[in-house]
Amino acid sequence: MATKFPKFSQALAQDPATRRIWYGIATAHDLEAHDGMTEENLYQKIFASHFGHLAIIFLWTSGNLFHVAWQGNFEKWVSNPLKTRPIAHSIWDPHFGESALKAFSKGNTYPVNITFSGLYQWWYTIGFRTNQELYKGSIGLLLLASVLLIAGWLHLQPKFRPSLSWFKNNESRLNHHLSGLLGFSSLAWTGHLVHVAIPASRGVHVGWDNFLTTPPHPAGLTPFFTGNWTVYAENPDSATHVFNTSEGSGTAILTFLGGFHPQTQSLWLSDMAHHHLAIAVVFIVAGHMYRTNFGIGHNMKEILDAHRPPGGRLGAGHVGLFETITNSLHMQLGLALACLGVATSLTAQHMYALTPYAYLSKDFTTEAALYTHHQYIAGFLMVGAFAHGAIFFVRDYDPELNKNNVLARMLEHKEAIISHLSWASLFLGFHTLGLYIHNDTVVAFGQPEKQILFEPLFAEYIQAASGKAVYQFNVLLASSTSPATAAGNQVWLPGWLEAINNPKTDLFLKIGPGDFLVHHAIALGLHVTALILVKGALDARGSKLMPDKKDFGYSFPCDGPGRGGTCDISAWDAFYLAMFWMLNTIGWVTFYWHWKHMTIWGGNPGQFDESSNYIMGWLRDYLWLNSSPLINGYNPFGMNNLSVWSWMFLFGHLIWATGFMFLISWRGYWQELIETLVWAHERTPLANLIRWRDKPVALSIVQARLVGLVHFSVGYILTYAAFVIASTSGKFA
């Protein structure tokens, strides 16, 4: 007899009800809970899966390159980046009739899907110029994906499985990851920029055929070996340089010009090469700092154990943290997710403010899509960090090992942490909403002059300190006499000051009362999300209400009818609630960014400045006004090339609304419904010839909530993605 799913849990495989399937799916990735799992085997499986993960990523990027080379218009776009709309791929099956064929063929021989990914700009910036090069890149990544799949399989074979001690050798891992993963990859990227991208931007082709014979700098390596490095910064591209040609180009490869290339409005390639070289040096040095074979360098345990403030106010300090972090994968994952979440959000900010790719800042829809995309990913990563932090407290935390150290002391004064976060959230919520509602009321009664409008003075001061002249604060970089200005005047400052005060760039946008209010609304969302997540993690082991909570695991619905009030207090419930707040907050962040930019791009920043001070302004002048391209994507008379986004907009709403069906009605309702359907099925001729192997039962409360949350999240994001793309491309096509 075939073994039933799931093979990793004999107890579940023998369950006679449909919960076998749902619990099987729910615990498929909870590797440490699987039958017969040892710690060593767990580490080995996770390690091998990393190769598979990388293979999938490279296969995906290979597909992007292949489809653009095959069905896109990359070469045409390269010849005129500002006037050509980049194509992602053709639409194979335009079965919606003649009007669809026309709508999606606009200016092309066949119907196509326009790309808003920024890939064209990226490939162009790093030196791609022809479809042939895209094909070669695609095949290269395909081969790399194959190698990684084989490597993943290989590391599961008994001979090639690393030992547990190898996984827990922190110093070796730090050295290799810092110098190898971060240092040498940055050095390799510097090499690519210097040898391929910079020459390409000056009209010089460097490919596999000539890269060994084309020196990136006329002086060769002589300045490097003689210590005369400034030669590499001399004669940079001029302000009149025409990208992709030799006109106005220089010879510099490592510069500190500051600001943007005047034509492409992106960072200077030679500045970026210099930046990556500096990062490479820092990380390669950092990767030689930790003590391994030679008895020299830092030892992490010694460093952590020595971190005990002499006043004794932090107790045992960091004693015990080395063992705790080394032995807890959840703690390590939580830290990694938090760092990656911050980095992803920073990527969202810098992608538009300090645009690295040629002509990206002229492609408004792509900029909006990339910002929104990265902020949502950052939100999921940050919530995941806290979720695994909570799992760490439930499964991996050892009170004896951490006695009186910073971790234990944090748990001991969790009430102070939670109540302070609660106070901050209440303060932000009541004051911000109070101001919005006041402004709404006076505007509704025809007295807009009675609005309470705050000038964001501190933020303006920070902008002025960075060189923004419009506020006339005359401080630091905004003052020509400041020592800070004098220090950078010969190097990067002129380029930076030109960029920060140029109305055509996104660097430090002018702000006012609307920005002040929405900033505090976002702060409210961030603090409430943090409050829920922090409370969930700090109360994960136990609380006054339920001191033995850790014995129930990470996710449990309630402790039966016997203990009233124990529903909704598992660490998983905190994650569940925080997800809604996270999505809510990122909604505010992306609404703010998109609306402010829409008005700037449209030459009407006054609309944002006036309407963003009250809630009706947001609903009417941002959401409703900009949804018109989606509402008019198709009608009884036909359709246009935005109709696909209209359908996605509707479909997103449908998925989102379906979520509430699972979120509002609880398990008993579904169980009764299922029992009624079973009764009807068993009494229906012909239908009752079909029997089920598993007795149908409703999802558990936790599972139904998960299904609801997934629908809510997916629907919410699909709806807003369609809105951003259609409203922006409809206006600025």
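Here, residue 1 is simply the first one shown, and the rest follow in order.
Positions of Cβ are set from backbone N, Cα and C atoms, glycine also.
The structure displayed is predicted, hence computed values, not measured ones.
In Swiss-Prot this protein carries:
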TRANSMEM  46-69  transmembrane segment
TRANSMEM  134-157  transmembrane segment
TRANSMEM  174-198  transmembrane segment
TRANSMEM  272-290  transmembrane segment
TRANSMEM  329-352  transmembrane segment
TRANSMEM  368-394  transmembrane segment
TRANSMEM  416-438  transmembrane segment
TRANSMEM  516-534  transmembrane segment
BINDING   C558, C567  [4Fe-4S] cluster binding site
TRANSMEM  574-595  transmembrane segment
TRANSMEM  642-664  transmembrane segment
BINDING   H653  chlorophyll a B1 binding site
BINDING   M661, Y669  chlorophyll a B3 binding site
BINDING   W670  phylloquinone binding site
TRANSMEM  706-726  transmembrane segment
TODO: Report the nearest neighbour of M661 (chlorophyll a B3 binding site) in space among the binding-site residues C558, C567, H653, W670, comparing Cα positions.
DONE: W670
Open item on the list: Around the C-beta of the residue listed as 'chlorophyll a B1 binding site', how many further C-beta atoms are within 10 angstroms, looking at every protein chain?
Closed with: 15
Task: Cβ atoms near C558 ([4Fe-4S] cluster binding site) (within 10 Å, other residues, all chains) - done: 16
Task: DSSP-derived class (H/G/I helix, E/B strand, else coil) of Y669 (chlorophyll a B3 binding site) - done: helix
Task: Dominant neighbour of the transmembrane segment (134-157) in 46-69, 174-198, 329-352, 368-394, 706-726, by Cβ pairs under 8 Å - done: 46-69
Task: Nonlocal neighbours by CB distance (under 8 Å) for the residue listed as 'phylloquinone binding site', same chain, sequence gap 6 or more - done: A698, L699, A704
- [ ] List the Cα distance (Å, whole number) between C567 ([4Fe-4S] cluster binding site) and Y669 (chlorophyll a B3 binding site).
- [x] 18
Open item on the list: Restricting to CB pairs under 8 Å, which listed stretch, 416-438, 574-595, 706-726, is in contact most with the transmembrane segment (368-394)?
Closed with: 574-595
- [ ] State the residues, same chain only, that lie 6 or more residues beyond the ends of the transmembrane segment (516-534) and have a CB under 8 A from a CB inside it; answer 'none' if no residue qualifies.
- [x] 383, 386-387, 417-418, 421-422, 424-425, 428-429, 431-432, 435-436, 454-456, 459, 574-575, 577-578, 581-582, 584-585, 588-589, 592, 612-613
TODO: Spell out yes or no: are there three or more C-beta pairs under 8 angstroms between the transmembrane segment (272-290) and the transmembrane segment (329-352), with each pair 6 or more apart in sequence?
DONE: no
